[in-house]
Amino acid sequence: MVEEANFCPSKEAIMKPILQLPPMTCQRVREIDRMAMDQFQMPGIVLMENAGRGAAECMDQIAPEGSVLILCGKGNNGGDGFAIARHLQLAGREVTILAMAPTDELQGDALIQANITKAAGIEIQVLGEAPAKECLPIADIIVDGLLGTGAKPPLRGRYVDVVEAANASSVRRIALDIPTGMSGDTGETGEPTFQADHTLTFAAPKIGFAKRDADRFTGEVHVISIGAPLALLRQFSV
Ligand SMILES: NC(=O)C1=CN([C@@H]2O[C@H](COP(=O)(O)OP(=O)(O)OC[C@H]3O[C@@H](n4cnc5c(N)ncnc54)[C@H](OP(=O)(O)O)[C@@H]3O)[C@@H](O)[C@H]2O)[C@@H](O)CC1
Ligand SMILES: [K+]
């Protein structure tokens, strides 16, 4: 039986690429994902694992204490959430997931991450009929892994009451990639939009974050590397 180490993981700085990309549109960031996969043979799941681990390490710096509830949408933004859950559990954090859909409705990289998270014994609750404000699991921090660059505003279906319930709870809130309800390209925000204290955005800041008072919803923005090679970053830094 392996003794559980009782030291805190050291807080060494998170490895940052030497090249920080300029703000760009969602479409352009998705081109980075696409080129990393097609031109540099990086499987999407590797990009997602890098995103999840990088986001969890950033959380270890900005929100090192407390239990975490991760809201997972049906797409790869949710996939990031499933990956983050595993790394937070490894760091000794109490983690619960509230999924917008059952695992068998997921596909691709998100399904792979959800299956790993399930196998890891991390609790995955699926949103039921009850209003979100009645069934949102209690936690010290809520992470928004609902919608990212694949969002097509306005919010549809249960995403509305889940975001409203998250905003109504007086806890720390962290958005993954883009606060759900905000357009990454224009910074326009719908009613509701996830109100984050921090946004962990992948690969590059989104141009919409520069809109006046967008920071009311993004909070402090942190760029998380997805491990795309320097040669690829150079093609997008001009
Ligand atoms: N390998 C990679 O590519 C990497 C990707 N990464 C991550 O992936 C994210 C992009 O993932 P994605 O393309 O799956 O889109 P995502 O934002 O999860 O949403 C799509 C889903 O949401 C739904 N939906 C849409 N609009 C809606 C609305 N208004 N209201 C309600 N539902 C709505 C839509 O449903 P549909 O419209 O198809 O019915 C679909 O099910 C990106 O932000 C980053 O976090 C990182 O891990 C880096 C590596
Ligand atoms: K999000």
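Placed from the backbone N, Cα and C atoms, the Cβ positions cover glycine too.
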Cross-ref TrEMBL: (6S)-NADPHX site N76, N77, G78, G79, D80, G148, T149, G150, A151, K152, P153, P154, Y159; candidate in list D104, D177, D185 matching that site is D177
K(+) site partner of N77, T180 according to TrEMBL, chosen from D33, D38, D140, D144, is D144
Sequence-ordered list of residues in the chain of G78 ((6S)-NADPHX binding site) that lie 6 or more positions away and have a Cβ within less than 8 Å of its Cβ, or none, is C72, A99, M100, L106, A110, A114, G145, L146
Checking the binding-site residues N76, G78, D80, D144, Y159 against ligand 2, those whose Cβ falls under 6 Å of one of its atoms come out as D144
CB < 6 Å to ligand 1, subset of binding-site residues D144, A151, Y159, T180, seq order -> A151, Y159
